[in-house]
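According to TrEMBL, the protein has these features:
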type	residues	note
DOMAIN	384-509	domain 'GGDEF'
REGION	1-23	region 'Disordered'
TRANSMEM	50-67	transmembrane segment
TRANSMEM	79-112	transmembrane segment
TRANSMEM	124-147	transmembrane segment
TRANSMEM	159-187	transmembrane segment
TRANSMEM	207-226	transmembrane segment
TRANSMEM	247-265	transmembrane segment
TRANSMEM	271-287	transmembrane segment
TRANSMEM	294-314	transmembrane segment
TRANSMEM	320-344	transmembrane segment
Amino acid sequence: MSQENSKPKLVAPLPAAGSPSDTQCDDVDAGLWSRVCETAATRVVLKSPVLANVVVLALWVLVWQLGRLVEYTEHASVWFPVAGLTFAVLLLEGAYLLPGLFGGCVLMTIWVGRKYGVALTDLQLAYAGMLFALAHIGSYALGARALRLLVMRGTRELPLLVIGFLLIAAAGSLLATATGVAALVFGGMMPAADAATVWLPYWIGDMAGVIVLAPFFGAALVTLNPHKTASLRASFNLNHQRATSQFKYKLLLTLTLLAASMWLAHATRSPNSAFAVFFLVIPYMWIASTESAFCNVVSVALGSVAIALLVHVFELKEFSMVYQFAINVIAANSLFALALPTLLADNIALRRIADTDSLTQAASRAHLEQRVRLDMLRCRMQGEALTMILFDIDNFKRINDGFGHAVGDRALKHACNIAQHALRPTDLLGRLGGDEFVAVLPGIDRVAARAIAERIRIQLATSTLEGGPALTASFGIAEMGVGDTCESLMESADKALYKAKQDGRNRVA
Ligand SMILES: Nc1nc2c(ncn2[C@@H]2O[C@H](COP(=O)(O)OP(=O)(O)OP(=O)(O)O)[C@@H](O)[C@H]2O)c(=O)[nH]1
């Protein structure tokens, strides 16, 4: 397995841009998992479907026990993490791991039946387990299929993929609840009368398991078996696995705030205090918008485990529903926040395209006019001068006609470069169109502007354009007067430029 493939990848859709490139990064999330993926044992398991099924079965049982740790009433846990594992396995691996999942369902049903002293024989418990397996696996197989279809149909927009995933998680877990509760009743594991009280916590717990842990387990599976999931991988941008050096502190702060909010509910025994956990959305959004998608998924998974465990530690079982909803809301928000860096980066890129002339990299006309208005306002308020230099390459049409458009383009870039170097960083050079440029000089009066224009004119006239003719340009200057607007100032500069052309070109007027 290559180093590239060995890094953890996320199955949930990832942002294409906005990586935490502005902060120092370390591979905190890549190292350990890479080593696990590269071991000989992992390679043997991947090659053998039988061994892979045994591993899935063992993992399924282990994750089930993790959910049971936080069970607050019979058949209802704060969350049901195994739902996320089933969903991820079915989404990324498909049918060959069904025996492992099926075996896990049957095994745990027998175990639960014995633990609660259900009056069924082992054979009857196995039958009940099979009914549960059909309900659980069937529902999540449908959900995984729906998500696959969404991706294969070419949905690429991150917010749409997240909405799709959340809706599928909600619908899949509702189906798993309806069929699962029916399976428990028909299998003799639960009295029919309990169904009315069990279904809601069952649903929310399952949904939390899918939303929080399917991306986490998915990330692990994609890394373990990259070829198997090549088509899905290709549908997602899986670039950002690195954590910033502050990630661990952000995580520590978030978990501390989480524990503090839950301690508050413990100390006051008030439902109002229990709702304080929803404030955790803020630090989670902070992590989601500043860290990689993988770190986001890890922090949500860790936070959810912490919530589930602290419900027990602080004896908050009467508020279990609040915490179940909190896990779902925080995870859903964090998944949506994955889109933030992408949207911000897209926004910056689009603004740059709109503000810049693509050939010369000078400011676009729209951007220039916007800046002129702002600079005029500011200079007026501060009692400063503002001058505009409008210039146009002389006989540019002849350059195009005689040397070709490509040389004409290079001449435009060349003139733009020379002007750019003669200006201060606070000045703005823009291209009005064709071979016409404008420089806006805040705080500069007509006399100083004339000197700058002369400098540009002489440098252009004495420079050489490789493979092209000698270049000259004509310049028109206008200083802002009382009552001038952007348009009237440009008009004055244009009149001056016209005069320079009339007077014989290659001059400043
Ligand atoms: N190579 C190139 N040519 C362009 C571009 N945009 C406009 N032009 C050409 O620039 C020329 C502008 O010529 P005119 O405005 O007629 O003026 P001129 O030939 O410079 O003459 P004077 O301004 O009177 O000195 C036209 O031939 C346009 O086709 C461009 O992006 N690249």
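Glycine too: its Cβ is placed from the backbone N, Cα and C atoms.
The recorded stretches the transmembrane segment (79-112) and the transmembrane segment (271-287) do not share 3+ CB pairs below 8 A when only pairs 6 or more apart in sequence are counted, and are therefore not in contact.
Sequence-distant neighbours of the transmembrane segment (271-287) (same chain, 6+ residues past either end, Cβ-Cβ under 8 Å): 247, 250-251, 253-254, 257-258, 261-262, 264-265, 295-296, 299-300, 303, 307, 316, 319, 322-323, 326, 329-330, 333-334, 337.
Residues 44, 77, 79-82, 85-86, 89, 96-97, 99-101, 103-105, 107-108, 205, 209, 213, 305 of the same chain, all 6+ positions outside the transmembrane segment (50-67), place their C-beta atoms under 8 angstroms from a C-beta of that stretch. Secondary structure of the domain 'GGDEF' (384-509) per DSSP, as helix, strand and coil residue counts: 60 helix, 29 strand, 37 coil.
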